[in-house]
Amino acid sequence: MSLIPSLSLLLMSMVAASYSETVTCEDAQKTCPAVIACSSPGINGFPGKDGRDGTKGEKGEPGQGLRGLQGPPGKLGPPGNPGPSGSPGPKGQKGDPGKSPDCDSSLAVSERKALQTEMARIKKWLTFSLGKQVGNKFFLTNGEMMTFEKVKALCVKFQASVATPRNAAENRAIQNLIKEEAFMGITDEKTEGQFVDLTGNRLTYTNWNEGEPNNAGSDEDCVLLLKNGLWNDVPCSSSHLAVCEFPI
């Protein structure tokens, strides 16, 4: 029987302790029976367990990282197209008058006359030793025997043409020049039997030998001046004396 009061007292102490956190001592004295006694607050307990994760939040704005270091310069690009021409610059100042060398007109005239005299002397020497002159033509031979094609090439090389007599005087001049039969600038290569000069013009003077031209062998397309001054048709591939005609 002595244990009952002790158990009742212990139970009331536990009830009073459970209200100590929310009920002040003064309130307890007003509302609780006289047997309830106030005590000091108890020691805090251990932290509770973590609660559950909350709902997923909205996506935040992108962050901004730190600016990196400046890289090395890149390679040079290809050159661009040329730009448009610029506007002309201002006109320059007028230059000083130039200086011309002193000319002695009398000396120039005397030198020109001396040159003309020398050229005339050389022409006379050539005429006497190698060629013949008739009017404004000068006939010259190198004394070589060659085909008609080579004779043409030789005369062209010296800005001349193959000798072609236009009258009896020119025919006689060539005859007096040669010591062998010589080619003349006359052919019928384009039209058989129609002899023309090397410019294609028909002849106004001829001096054919008796029975010529006869086209013997069907290939006599070139013309020779014989040593007696008469003409004869022969093959152009044969070799005869070269005589060139120079205008003067």
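Quick reminder: no glycine exception, Cβ is built from N, Cα and C everywhere.
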Original post:
To which of the residue ranges 112-130, 169-187, 226-244 does Swiss-Prot assign the term coiled coil?
Top reply: 112-130
Subject >> Coarse DSSP state, helix versus strand versus coil, of C155 (disulfide bond) >> reply: helix
**OP:** Specify the nearest of the recorded positions P47, P73, P82, P88, C244 to C236 (disulfide bond), where nearness means the distance between Cα atoms.
**Re:** C244
**OP:** Write down the Cα-Cα distance for C155 (disulfide bond) and C222 (disulfide bond), rounded and given in Å.
**Re:** 16
Subject >> Pairwise Cα distance for P73 (4-hydroxyproline)/P79 (4-hydroxyproline) [Å, integer] >> reply: 17
